[in-house]
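Visitor: Pasting the relevant annotations from TrEMBL:
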REGION    A:1-22  region 'Disordered'
COMPBIAS  A:8-18  compositional bias 'Basic and acidic residues'
DOMAIN    A:89-299  domain 'AAA+ ATPase'
BINDING   A:Thr101, A:Gly102, A:Lys103, A:Thr104, A:Ala105, A:Tyr298, A:Arg310  ATP binding site
DOMAIN    A:393-475  domain 'Cdc6 C-terminal'
Amino acid sequence: MTGNDSPPEDRPSEEAPDRSFAVDVEEVLEDDPDGEPSQGLFDDLLSGEPIFENKEVLRPSYTPHELPHRSDQINKMATILVAALRGETPSNILIYGKTGTGKTASAKFVSQELEQTSKKYEVPCEVEYINCEVTDTQYRVLAQLANKFIEQNEAHVERRLSDLADLREAVEEGSTALEATPFESTTGIDSRIETLEDELEEMEPVPMTGWPTDRVYKEFFDAVDYRERVVVIMLDEIDKLVEKSGDDTLYNLSRMNSELDNSRVSIMGISNDLKFTDFLDPRVKSSLGEEEIVFPPYDANQLRDILQHRADIAFEERALTDDVIPLCAAFAAQEHGDARRALDLLRTAGELAERSQSEHVDESHVRKAQDKIELDRVVEVVRTLPTQSKLVLFSIILLEKNGVHNINTGEVFNIYKRLCEEIDADVLTQRRVTDLISELDMLGIVNAIVVSKGRYGRTKEISLSVPTEETEAVLLADSRLSEIEEIQPFVQARFDN
DNA sequence: CATCCACCGGAATGTAGGGCCT
DNA sequence: AGGCCCTACATTCCGGTGGATG
């Protein structure tokens, strides 16, 4: 399709959606004491045809109102959770699925609906979301939950206090409209206010550290049980929690119901790992997995629907050429059907198109976006590598740059040693360095395979699988590594043997 | 066909740092 | 404050090995 090079038809696309903003920019520029010309830095960029209409929609944080191809899962969740609206305890739910399969989005969507409906019918029902990758110990989970409920209870009490204050005022004025009030006089109200204030006094947030865990648990327990309601606790990335701090938390949460007087608790676990229940206590396993919902990866067609859906909102009309979305979908489908990845790709492609001032997003932008995302990933990984790993990687790069292929561990280790001496770092043993190389392999930064060279031993053959120049630049940005000045000697040393 | 290189990689053990708890 | 325990990172020790080479 080469109809893209559209003739200069409606060149003056001056209908910038946010006129006021444009004016502001001009004003600022005019007020500049230096007397800069008003044809400023941003003018060019603003004048281009806008590509995005609403970019937020493409961000991972956005929770869509419609989730194509997930109605089965959503319905099942809803069927289970209606119980909450009838004041019963919903079954615990376990949700499985790989990253970017819409688990969190669906769960959040359902919980929003649930809370809204509960307000409509005035059934007390709440959902609390916890991301266990961030909050990854029993203590922190309990503390966070406790604090959320304490906060809510406080708000609840405060509301009742202000209601009472109003009532008191009304009674004092002898308003006749209040015959139905249960209080004869202000003193009755006063004592009620007093007890509530005392209760408010007691509600102190749990400190982030310091208390014994069971005290936090008690605090949380009391806060939940403070009044009648159904509470759904949503534990995202629950596998991380189990991995890092065992199943005690889940055990405690799942047996809570038998001790609660006023409220009911239901757990909704979201996991990336299908097999994580293997590590659980059988009791926990059976109680948690009362209902299981699986989110299979999206296939390319489904991804296309999802992208189309969002693209309609996110982009200006006709900003995308026809092949953009299928291509994004195809790329992402290769990465185990990760919708997040697909959206990321689409957004990045759009940004690239915007930056290059083209009027449409086309296939080339998608391909560039693919590269950019991969490069960003690598840069981020390399940047956050520990110093020792950086040194190892740098050694590999030095060898590679010198045209050495099929690098082996011995060579890397030699160069690595010299680098360490140069910047005065601890020299690790070769055993450790092989592990570091294996880690780099895992991260996809290098490629290492064990080969036997017969008489000449057995070693890893290592090759770089990321762009040399960029990676080197990232490494040299590290304050320790930047001390390395003369690179030649290291390279030279290799040929001396 | 045995040899033997040059490293692999498992296991045990050591050490530092940090959070938790009394 | 001080003991305890967990985790991450390292070292030490060492048995293991694929296959070119003599």
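Cβ coordinates are placed from backbone N, Cα and C, and glycine is handled just like the others.
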Visitor: Same chain only, sequence gap of 6 or more: which residues have a CB within under 8 Å of the CB of A:Lys103 (ATP binding site)?
Guide: A:Ile95, A:Tyr96, A:Gly97, A:Ile270, A:Phe295
Visitor: On the three-state reduction of DSSP, what should I expect for A:Ala105 (ATP binding site)?
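Guide: In the DSSP reduction, A:Ala105 (ATP binding site) maps to helix.
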Visitor: List the helix, strand and coil residue totals of the domain 'Cdc6 C-terminal' (A:393-475) as derived from DSSP.
Guide: 48 helix, 16 strand, 19 coil
Visitor: Would you count the other CB atoms within 10 A of the CB of A:Arg310 (ATP binding site), including those on all shown protein chains?
Guide: 23
Visitor: Sequence gap of 6 or more, Cβ distance under 8 Å: name the residues on the same chain that satisfy this around A:Thr104 (ATP binding site), in order along the sequence.
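Guide: The list for A:Thr104 (ATP binding site) reads A:Asp236, A:Ile270, given in order along the sequence.
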Visitor: Sequence gap of 6 or more, C-beta under 8 Å: which same-chain residues meet both conditions with respect to A:Thr101 (ATP binding site)?
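Guide: Once residues fewer than 6 apart are set aside, A:Thr101 (ATP binding site) is near A:Phe295, A:Pro296, A:Pro297, A:Tyr298, A:Gly337, A:Asp338, A:Ala339.
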Visitor: Select the most exposed residue of A:Gly102, A:Ala105, A:Tyr298, where exposure means the fewest other Cβ atoms within 10 Å, treating these as the binding-site residues.
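Guide: Result for the binding-site residues A:Gly102, A:Ala105, A:Tyr298: minimum number of other Cβ atoms within 10 Å at A:Ala105.
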Visitor: According to DSSP, does A:Tyr298 (ATP binding site) sit in a helix, a strand, or coil?
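Guide: Where A:Tyr298 (ATP binding site) sits, the three-state DSSP reduction gives coil.
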Visitor: If you measure every Cα to Cα distance among A:Thr101, A:Gly102, A:Lys103, A:Thr104, A:Ala105, A:Tyr298, A:Arg310, the residues said to bind ATP, what is the biggest one in Å?
Guide: 17
Visitor: Mean pLDDT for the domain 'Cdc6 C-terminal' (A:393-475), as a whole number?
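Guide: On average, pLDDT over the domain 'Cdc6 C-terminal' (A:393-475) sits at 93.
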